[in-house]
Amino acid sequence: MRDRSGKWAIFTVTAVGVFMSTLDGSIVNVALPAVMQDLGVPMPTVEWVMMIYLLTVSSLLLSFGRLGDIRGRRWVYTRGLGVFSAGSLCCAMADSALWLIGARAFQGVGAAMVMSCTQAIVVDAFPASERGRALGVLGAVVASGLTVGPALGGWILHVASWPFIFWINIPIGVGAALWANRLLRHRQVDVTRRESFDGWGALFLALGMGAMLAALTHGYDWGYGSIPFLSLSGLFLASSLGFVRREIRTPHPLISPSLLRIRLFVLPVLAGMILFAGLFTIIFLMPFFLMHPRGLSPGDTGLIMVTPFIFLFLFAPLSGALSDRLGSRWLCTLGMAVLTASFVLLSRLTPEASKIEIAWRLAVSGIGTGLFIAPNNAAAMSAVPRKFMGVAAGTVATVRNLGMVLGIALAGTLFNSAFHASSGGRLLKVYTPDLEPVFMEAFRHAMSSGIALGAIGIVVAFLRGRDEK
């Protein structure tokens with residue numbers, strides 16, 4: 001009983017960190033209009049309050065995962081909570097857009113430190129026979145952060161001002177850091193190794209990831225022949241070449257070549273990227289459908305868009321527990337197939353569809369994602385030697401975020417290109433009822449393309465082979 005209590009205490013303290021980090025990625029979205037009005041800045045500027053957090057987290061996850069392998073995951077995790085809390089303080093005190101954007105980048109550094117360690121800490125704390133269940137519950141925590149964020153942000157704005165969105169992080173973050181520092185001391189996650197950290201490799205990786213994500217996110221808006229897009233693409237290529245050259249020459253690379261030869265790690269990571277690209281194609285496009293052709297209010301749209309995360313929350317722990325007995329291969333293949341089926345169902349929506357018709361189709365996407373996540377993560381992490389656990393967790397998280405950005409970029413590009421072709425060269429800026437046929441044609445084109453993406457994911461999920469026990 002003492003061992004079980006210790007495992008779940010460790011799980012709880014890591015869940016607090018990942019919940020806060022995930023929550024802060026979604027809670028700020030609701031506050032952007034208030035921030036824009038209060039600080040007197042235009043929408044393109046205030047968008048960077050959200051974007052800089054995602055870019056910073058995604059760019060640094062893998063490097064901090066490797067640092068956790070060397071310096072100890074307790075060290076990285078607890079200091080990450082401290083940096084996150086300090087960043088929240090800076091955000092709450094911001095009196096200009098530039099200050100707020102810089103503070104959000106600083107906060108993102110802390111979130112990357114926290115999120116790079118959580119899966120590795122949980123895997124270390126639980127035996128192989130219980131990892132699926134534990135990672136399933138952790139997936140539910142992530143889903144709850146995404147779900148609660150907009151609602152909590154709306155309530156805070158109703159009773160207070162937008163800085164309180166950041167003030168609430170400080171006591172929770174400091175308390176969790178002190179608890180984790182005591183709880184994780186002298187455990188496996190506290191072990192350090194006599195290896196140097198590849199700082200140059202981390203710099204090249206961060207620059208390359210940040211440039212790529214920014215280019216993918218804004219490429220269509222800027223134009224693929226524009227100076228900003230071409231500059232970021234050049235920075236990505238130069239950083240990638242520098243990273244590869246550095247990793248070949250250094251005795252202690254960020255990503256060990258032996259890690260990339262583990263089939264049961266590489267294929268689940270690739271499958272996870274495909275799944276999140278598919279899911280965020282849906283998450284990105286559906287609000288436009290709901291508010292434009294369907295004509296729902298922002299409030300009703302928000303409530304309906306919670307649906308997939310509710311079912312992800314419900315199915316992730318169940319699937320994780322099943323994977324401990326059945327393995328990951330068939331559950332992940334089934335989850336990817338269910339997500340693919342949701343693309344078929346959503347592509348057949350009409351503007352006359354009822355809220356229930358829309359919601360149950362979105363529920364299917366959440367069920368597929370919930371069936372997939374925990375078994376996939378458990379298989380990938382269990383296939384990796386303990387000394388690479390941190391960098392493996394960082395890789396899983398990095399590729400997940402990359403999948404999200406790819407999904408949004410893919411959805412935007414497919415929709416806008418189809419809309420542009422069908423409307424005689426127009427772009428969707430202001431929706432009017434006469435644009436409904438063109439909108440629906442572009443919407444169905446983007447959703448149908450998701451079917452092909454899902455089919456590729458099904459093949460990749462199946463080809464992983466049997467789990468290692």
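Every residue gets a Cβ built from N, Cα and C, even glycine.
As recorded in TrEMBL, the features of this protein are as follows:
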{"type": "TRANSMEM", "residues": "7-28", "note": "transmembrane segment"}
{"type": "DOMAIN", "residues": "10-469", "note": "domain 'Major facilitator superfamily (MFS) profile'"}
{"type": "TRANSMEM", "residues": "48-68", "note": "transmembrane segment"}
{"type": "TRANSMEM", "residues": "80-99", "note": "transmembrane segment"}
{"type": "TRANSMEM", "residues": "105-123", "note": "transmembrane segment"}
{"type": "TRANSMEM", "residues": "135-158", "note": "transmembrane segment"}
{"type": "TRANSMEM", "residues": "164-184", "note": "transmembrane segment"}
{"type": "TRANSMEM", "residues": "196-216", "note": "transmembrane segment"}
{"type": "TRANSMEM", "residues": "222-244", "note": "transmembrane segment"}
{"type": "TRANSMEM", "residues": "265-290", "note": "transmembrane segment"}
{"type": "TRANSMEM", "residues": "358-380", "note": "transmembrane segment"}
{"type": "TRANSMEM", "residues": "401-422", "note": "transmembrane segment"}
{"type": "TRANSMEM", "residues": "442-463", "note": "transmembrane segment"}
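Using a cut-off of 8 Å between Cβ atoms, the transmembrane segment (358-380) and the transmembrane segment (80-99) share fewer than three residue pairs, counting only pairs 6 or more apart in sequence. In summary, the transmembrane segment (7-28) does not lie against the transmembrane segment (196-216): fewer than three C-beta pairs, each 6 or more positions apart in sequence, are under 8 Å. Taking pairs at least six residues apart, the transmembrane segment (48-68) and the transmembrane segment (442-463) share fewer than three Cβ pairs below 8 Å and do not count as touching. With a threshold of 8 Å between CB atoms, the same-chain residues lying at least 6 positions outside the transmembrane segment (105-123) that come near it are 10-11, 14-15, 17-18, 20-21, 24-25, 52-57, 59-62, 64-65, 67-68, 73, 76-77, 79-88, 90-91, 131, 134-135, 138, 184, 189, 377, 381-382, 389-390, 392-394, 396-397.
Among residues of the same chain six or more beyond the transmembrane segment (265-290), those with a C-beta under 8 A of the stretch's C-beta atoms are 259, 296, 300-301, 304-305, 308, 328, 332, 335-336, 339-340, 342-343, 346, 349, 358, 362, 365, 369, 372-373, 376-377, 379-380, 383-384, 392, 395-396, 399-408, 410-412, 415, 439, 443, 446-447, 450, 453-454, 456-457, 460-461, 463-465.
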